[in-house]
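See below for the structure under consideration.
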Amino acid sequence: MYTEALNTYQVIVKNKMFSNAGRLKVNMANIYFKQKNYTKAIKFYRMALDQISNAHNAMRIKIMQNIGVVFIHMGQYSDAITSFEYIMSESPNIKTGFNLILCYYAIGDRERMKKAFQKLICVPLGIDDDDKYIPPNDDPHANMVIEAIKNDKLHQMERERKALAEKYIMTSAKFIAPAIESSFAAGFDWCVDMVKGSQYVELANDLEINKAITYLRQRDFRQAVETLKMFEKKDSRVKSAAATNLSFLYFLEKDYDQADRYAELAMSADRYNPAALVNKGNTEFVKEDYEKAAEFYKEALHNDSSCTEALYNLGLTYKRLGRLEEALDCFLKLHAILRNSAQVMYQLSNLYEMLEDPHQAIEWLMQLTSVTPTDAQVLAKLGDLYDNEGDKSQAFQYYYESYRYFPSNISVIEWLGAYYIDTQFCEKAIQYFERATLIQPTQVKWQLMVASCYRRSGNYQKALETYKDIHRKFPENVECLRFLVRLCTDMGLKEVQDYATKLKKVEKMKEIREQRVRSGRDSSARGRREGSAGSGDGQSNHGTSAKGERLSVKLKTLPGSNEPYEASTQQEIDASYVDPLGPQMQRPKTAARKRTEEDEFADEELGDDLLPE
């Protein structure tokens, strides 16, 4: 009730008998600030400053700080700088130092940014040294006192103050580094040098790791790796964090041997580092040693029960091992932690489908659509499950929604076209098969389906024109010629004889080709029989040679160890994909493509391992 509060304050302030009007004007200024009436807020803060005596210096400093913040909101950085510089000269504090750096950054003053950073790291925190809390062994009374104060409210406050100071210094270094020198690397190096000579010397290593992560964001992987490798000889905590990041990088680059090496290094430096154990488990996962991978994930969870990557990967591992109930248990636990994780919901749905519980699978996919309502693959999967259950109307609803968001999925287009043909709405099926023709122009079946729909809906003239167009593109298609002959006969057209002649010629050519294939197979079978008979007649060398030749031919027809097997049809390729989510790391929120389980593993479960704890 800001208006009522202001009115009441005005009544009190006008009373000359009240000596502390200045303090109430601070409250009034705060209200104007909340109402975003910045001009009046400044006016009342200044009035309060005039009415508060120099004896109350701490109060005056806080008012000056508020004035500076209001100027920042107004975009008047020069005025804000004046307030913050006064505070840093009179009573420096971490928050004001950080705000001053922000203002210098906003106006692009490189030299003053450097000076402000130096002032920031010199601000006294006013807290005791940690050595104070190390108990002396010989004095039991002192040990009891230290045990009592080790985690009291004062020490908690000191830890919070120190953590806040470190956060401000790290953030300042990260955003001024690219601005104070010609390159961000030189800027980071300057910040690291400054920090090394201050009371925050242990932050220097964290800054170096942040430098490596900045290289990653710029996709300069070589420099990131070089920066992280510098930590191999540092103390165990930093070495473990750097080795974890290196393992993560090499894993993404599919250099699994190096990923394994650095995961081992990270574990040897700090066996309780859950990220290192997850990375080690990942390298075992890609070697298909799932039992061993599961052990590392379990150890990571034992060290840090909130490590969601370990729990997710453990679920995937159990899934690969066929231990579906245990996998289900992992993902249900994970869902309790990550309530809106799309990939977790997908995995739960997929597991219930594998456990032959389609109703639960549908239920989880329905929850998933509330998180990613525009994911075409999830909607198509719902359509498929309803179709398997025999609920065609619900299946149609989800397939249609999937088509609306992603009108290039051939399997969805084919289902919708077939649905309209089954329900005797052939004219509605035409638009879907025409879309399929645009996507796969070399596949004659879609064009034949368009013509068939015209024929079934009674539009014989349009059907005839379509069949003629198909014949021009695919002159040897027997099915097209047969329909042309039938349509021309029914419509009494003269071209019937011409098409009938072409049909006979094409059928004869097809028959000759089939005979050649058959005769080729017969001759190769005869050759094999003769070869085996020859080896039986004592020509052992020749027989061995023939066998060797046949073996080599068989081997050559298989792909090499580094070559992929090719699916025989496009449908097989589509069927081999699994879409774990729709959203995901470094991707559009609604994924248009399907993903393999390995994809999820490589980019998702490792995502948070990148930042050292």
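Cβ atoms here come from the backbone N, Cα and C positions, even for glycine.
Annotation source TrEMBL lists repeat 'TPR' at 22-55, 61-94, 274-307, 308-341, 376-409, 410-443. Look at TrEMBL and you will find 511-531 tagged as compositional bias 'Basic and acidic residues'. The feature region 'Disordered' is assigned by TrEMBL to 511-613. Taken from TrEMBL, the feature compositional bias 'Acidic residues' covers 598-613.
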- Task: Take the repeat 'TPR' (376-409) and count its residues per DSSP category (helix H/G/I, strand E/B, coil), listing them in that order.
- Result: 27 helix, 0 strand, 7 coil
- Note on the structure: Taking DSSP helix as H, G and I and strand as E and B, the repeat 'TPR' (308-341) has 27 helix, 0 strand, 7 coil
- Any idea what the model's mean pLDDT is for the repeat 'TPR' (308-341)? 93
- Message: At a C-beta cut-off of under 8 Å, are there same-chain residues at least 6 beyond the repeat 'TPR' (22-55) that contact it? List them, or none.
- Response: 2, 5-6, 9-10, 12-13, 63-64, 66-67, 70-71, 73-74
